[in-house]
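All remarks here apply to the structure that follows.
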Amino acid sequence: MTGAVCPGSFDPVTLGHVDIFERAAAQFDEVVVAILVNPAKTGMFDLDERIAMVKESTTHLPNLRVQVGHGLVVDFVRSCGMTAIVKGLRTGTDFEYELQMAQMNKHIAGVDTFFVATAPRYSFVSSSLAKEVAMLGGDVSELLPEPVNRRLRDRLNTERT
């Protein structure tokens, strides 16, 4: 059985992320989406909300599960019994950063990283950009899964009142 981990903060999960999850799920027997905890960062959505949003957005992927990850990604990968990391790449800048991380992960833990080129329709999408556009009143419904878009709208409407 082959398995891979798709790590990230997913604050919030976007359709670009879901596209990578779907493609990973087609290549691996099991995929774990690792929602990583970074104590130095405070996101818009808390950990429980991010878990719920990823689960709600991936119900169509029976070989995918969602877990919380702490510490080094490679330690998480090994604790899950997985052997690989899958990362989506939007730009050359993503590649430069992720290549260094992949080489370090291979060096310290023997974990391989598989890069998946983001679908062109999502190449400009990021969680940060989606939140920023939504905060300024823009429509991000084509960038986010419906359950995520609904939660984001609700959050912003609550903050405005």
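Numbering starts at 1 and runs along the chain as displayed.
Glycine is no exception: its Cβ is also placed from the backbone N, Cα and C atoms.
Here Swiss-Prot flags Ser9, Lys41, Val73, Lys87, Asn105 as substrate binding site. With a cut-off of 8 Å between CB atoms and residues at least 6 apart in sequence, the same chain places Val73, Val74, Ile85, Val111, Thr113 near Asn105 (substrate binding site), listed in sequence order.
Look at Swiss-Prot and you will find 9-10, His17, 88-90, Glu98, Thr118, 122-128 tagged as ATP binding site. Cβ contacts within 10 Å of Tyr122 (ATP binding site), excluding its own Cβ and spanning all protein chains shown: 19.
Within its own chain, Thr2 (N-acetylthreonine) has Phe28, Asp29, Glu30, Thr83, Ala84 as residues 6 or more apart in sequence whose C-beta sits under 8 angstroms from its own. Taken from Swiss-Prot, the feature N-acetylthreonine covers Thr2.
Annotation for His17 (ATP binding site): same-chain Cβ neighbours under 8 Å, separated by at least 6 residues, are Cys6, Gly8, Phe10, Gly88. For His17, the entry in Swiss-Prot reads site 'Transition state stabilizer'.
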(message) For Val73, Leu89, listed as binding-site residues, tell me which one has the smallest number of other Cβ atoms within 10 Å.
(response) Leu89
(request) Between Lys41 (substrate binding site) and Ser128 (ATP binding site), find the distance joining the two CA atoms and give it rounded to the nearest Å. (result) 13
(request) Rank the binding-site residues Ser9, Ser126, Ser128 by the number of other Cβ atoms within 10 Å of each Cβ, and give the residue at the low end. (result) Ser128
(request) Rounding to the nearest whole angstrom, report the longest C-alpha distance spanning Ser9, Lys41, Val73, Lys87, Asn105, listed for substrate. (result) 22
(request) Note down the number of other Cβ atoms within 10 Å of the Cβ of Lys87 (substrate binding site), including every protein chain shown. (result) 23
